[in-house]
Amino acid sequence: MSNPSLLILAGDGIGPEVMTEVQRIIAWYGDKRGLNFDVSEDLVGGAAYDAHGVPLHDDTMAKAQEVDAVLLGAVGGPAYDDLDFSVKPERGLLRLRKEMDLFANLRPAQCFDALADFSSLKKDIVAGLDIMIVRELTSGSYFGEPRGIFTENNERVGINTQRYTESEIDRVARAAFELARKRGGKLCSMEKANVMESGILWRDVVTEVHAADYSDIELSHMYADNGAMQLVRAPKQFDVILTDNLFGDLLSDCAAMLTGSLGMLPSASLGAPMENGRPKAMYEPVHGSAPDISGQGKANPCACILSFAMALRYSFDQGAEADRLEAAVESVLASGVRTADLMQADGGTPASTTEMGDAVIAALDASL
Ligand code: NAD
């Protein structure tokens with residue numbers, strides 16, 4: 001059997017810095033666990049624009065369609081701010097998501113005990129938090145037609161359309177139920193069925209999918225506004241939250257901030273299964289290219305490392321190895337080794353990006 005394949009697109013700013021640490025961890029898995037990957041690398045974002053005049057070359061897009069998973073760092077930066085919209089670095093990312101049809105965006109909100117003080121909420125409300133938000137990513141009000149700014153009765157009207165088909169709801173609901181089955185067995189679906197027809201359909205289809213194939217999962221429904229309130233009131237009541245593109249954009253950012261720093265947040269975007277049974281998949285940290293700290297060795301590599309842990313779990317069926325990597329990160333944080341973003345003002349000397357990578361690898365060694 002050939003090794004699973006990974007395409008690394010490190011991108012811009014701190015993207016290549018944090019990805020270097022991930023590549024060391026990928027090498028560790030090959031050396032110490034016999035888990036080898038065929039890794040290739042390519043350009044995305046501003047780096048691709050500099051080389052090819054486009055933020056994603058067609059050849060890179062073709063490679064992304066062929067591999068088992070894409071690992072992406074970050075794109076963007078001030079040097080590209082004035083480019084035409086069609087070639088901005090972010091367009092490379094959007095093209096990947098669109099052409100790979102990555103319809104399910106997974107954003108875990110996990111609060112490591114050692115970081116509970118970094119949350120804006122009280123420690124006992126967030127300590128041990130472990131929830132997963134599944135956001136529909138390729139439809140809904142960010143894509144629905146008609147859209148645009150029109151003139152009616154001598155004034156401008158801005159229009160976006162919230163539109164979902166049954167099959168779009170069905171496929172993302174299935175992805176979320178499958179996750180719930182691998183986690184705590186609970187799923188809460190959030191919409192606005194009280195005021196939106198698309199919400200009524202969303203609730204109907206989720207209920208039907210549950211009855212047909214997932215009656216072992218505890219399903220509840222909640223209006224998305226109440227969901228936002230509950231996320232800051234008592235977030236630990238949730239296991240998996242399923243929601244649409246617009247509400248998911250807001251709710252996942254809200255949940256993310258429960259956990260403290262942007263430097264800790266991974267994500268996965270999954271599509272339909274490929275011929276080998278693995279889903280189309282791209283894994284990336286939630287943060288951007290952080291131009292304010294790039295090139296200074298200050299970036300926290302944990303979000304990117306934890307994104308690789310998600311790849312181990314969701315693309316490569318290596319749940320135990322994903323647990324090992326997450327536990328290694330947690331033990332490093334508990335030991336007090338931290339990058340600057342995770343330190344209080346009087347916290348001592350921060351670890352560099354490389355030192356953080358060293359510490360995670362030492363913790364992986366210690367786990368053997
Ligand atoms: P950002 O996430 O890059 O940075 C926000 C703040 O968080 C900065 O102060 C930064 O230093 C800090 N930060 C982010 N990641 C960190 C890490 N790993 N370790 C330590 N500190 C970290 O967001 P921004 O400043 O709004 O955007 C900068 C650029 O990134 C823009 O060009 C934007 O378009 C782009 N962007 C890209 C993505 C992506 O690639 N997915 C996401 C968001 C923003």
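Placed from the backbone N, Cα and C atoms, the Cβ positions cover glycine too.
Given the structure is predicted, the values throughout are model-derived calculations rather than measurements.
As recorded in TrEMBL, the features of this protein are as follows:
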- 77-90, 288-300: NAD(+) binding site (BINDING)
- Arg97, Arg107, Arg135, Asp225: substrate binding site (BINDING)
- Asp225, Asp249, Asp253: Mg(2+) binding site (BINDING)
- 5-360: domain 'Isopropylmalate dehydrogenase-like' (DOMAIN)
- Tyr142: site 'Important for catalysis' (SITE)
- Lys192: site 'Important for catalysis' (SITE)
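The structure, with features from TrEMBL marked on it.
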| residue | record | DSSP class |
| --- | --- | --- |
| Asp81 | NAD(+) binding site | coil |
| Arg97 | substrate binding site | helix |
| Arg107 | substrate binding site | strand |
| Arg135 | substrate binding site | strand |
| Tyr142 | site 'Important for catalysis' | helix |
| Lys192 | site 'Important for catalysis' | coil |
| Asp225 | substrate binding site | helix |
| Asp253 | Mg(2+) binding site | helix |
| Ser294 | NAD(+) binding site | coil |
Proximal residue to Ser294 (NAD(+) binding site) among recorded positions Arg97, Lys192, Asp225 (C-alpha distance): Arg97
Length of the line joining the Cα atoms of Lys192 (site 'Important for catalysis') and Asp249 (Mg(2+) binding site), in Å: 15
Cα proximity to Pro89 (NAD(+) binding site), best match among binding-site residues Arg97, Arg107, Asp225, Asp253: Arg97
Rounded Cα-Cα span from Ala290 (NAD(+) binding site) to Asp225 (substrate binding site), Å: 31
Arg135 (substrate binding site) and Ala290 (NAD(+) binding site), distance between Cα atoms, whole Å: 24
Cα-to-Cα gap, Phe85 (NAD(+) binding site) vs Tyr142 (site 'Important for catalysis'), nearest whole Å: 17
Binding-site residues close to ligand 1 - of Gly77, Asp81, Arg107, Asp249, Ala290, Ser294, only those whose C-beta is under 6 Å away: Gly77, Ala290
Shell of the Mg(2+) site beyond Asp225, Asp249, Asp253, same chain only (C-beta within 8 angstroms of their C-beta centre): Ala224, Ala228, Leu246, Phe247, Gly248, Leu250, Leu251, Ser252, Cys254
Cα-nearest neighbour of Arg135 (substrate binding site) within the listed recorded positions, Gly77, Asp81, Tyr142, Asp249, Asp253: Asp249
Candidate nearest Tyr142 (site 'Important for catalysis') in space, where candidates are the binding-site residues Gly77, Arg97, Arg107, Asp253 and distance is Cα-Cα: Arg97
Rounded Cα separation (Å) that holds between Arg97 (substrate binding site) and Asp249 (Mg(2+) binding site): 15
